[in-house]
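Annotation source TrEMBL lists domain 'NADH:quinone oxidoreductase/Mrp antiporter transmembrane' at 23-288. Annotation source TrEMBL lists domain 'NADH dehydrogenase subunit 2 C-terminal' at 290-343. Feature annotation from TrEMBL assigns transmembrane segment to 59-79, 91-115, 152-171, 178-197, 203-225, 237-255, 275-294, 323-343.
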Amino acid sequence: MNPQAKLVFTISLLLGTTITISSNHWVMAWTGLEINTLAILPLISKSHHPRAIEAATKYFLVQAAASALVLFSSMTNAWHTGQWDITQLSHPVSCLILTSAIAMKLGLVPFHFWFPEVLQGSPLTTGLLLSTIMKLPPMALLFMTSPSLNPTLLTTMAILSTALGGWMGLNQTQTRKILAFSSISHLGWMAIVVIYNPKLTLLNFYLYALMTSTVFLTLNSIKALKLSTLMTAWTKMPALSAMLLLTLLSLAGLPPLTGFLPKWLIIQELTKQDMAPAATIISLLSLLGLFFYLRLAYCTTITLPPHTTNHMKLWYTNKPTNILIAILTTMSIILLPISPMILTVI
């Protein structure tokens, strides 16, 4: 793709995200979402492969439907209350439609079917954008409207997302699909606590974005799209593979690593809100996710290829991405000890 065109699309992505996050009016938020959708489409379909075109078409149709629902929800609310302010969403039908629209934008169950397909048809770098930056505007809308939303509906969707995200990721062999189901599972953890403690949802999103960026950039560096490719990566990049193992375990939420922090805080918050059964269920369902992270980690580090490989160890040049991977990996692994400081910031 032409560098100038790529620059225009990247700036449009940042512009759309900024407009949605900083807006108070529903129409401005909708405009930002539309700019975002239109900017990411060329980045999804840039390879001109039929899978990429199919992914872009699916993404466009789903996001257009979700944006229409956002507009419909805000108009219904304005019709009944005379308010276009995002935080003044009070009509029950509007709240219901908006929950559906945001779930569709994010890929929460039962509106999750598009996400693994779109991620599978996109390059790894675009997949990174779809899993992190593209989720920020809907998250911001969820954060701003959280006091008005239906707790039972969100809790149900969250538990189903964690269950299906873990369950459907078990038998996948494509790394992008595994990361898509991982994203759906993490969204369940974010959605369950958004009504009780919205800041905790944002913290979870930031840490998830940090860890998933590390995994995407590492896989992009190794050029691994399938588990079978990961099995030969150990001989080429031993240090990077070892770091990927730790990042995957962090993403799974194992205790000494960064990923344990949001899970710990969410379970604590749910217990405070007398939702111990929900906390127990969602914790047990996260074990499904742990299984496929361990599977990825096993393929990356413990499995040696069946024959001797002729790969030379790659000499690293001082590329900016390598420095970025190093910084992100470090943060993905060792942020747990400074959690008191993180909590004072949020």
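These residue numbers are counts, starting from 1, taken along the chain as shown.
Even glycines carry a Cβ here, placed using N, Cα and C.
In TrEMBL, annotation is done automatically, which means it is predicted and not curated.
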Item to check | For the transmembrane segment (323-343): best-contacting stretch of 91-115, 203-225, 275-294, by Cβ pairs under 8 Å | outcome: 203-225
Item to check | Same-chain residues near the transmembrane segment (275-294), Cβ under 8 Å, at least 6 residues beyond its ends | outcome: 155, 158-159, 162-163, 165-167, 169-170, 172, 178, 181-182, 185, 188-189, 192, 248-249, 251-254, 263, 266-267
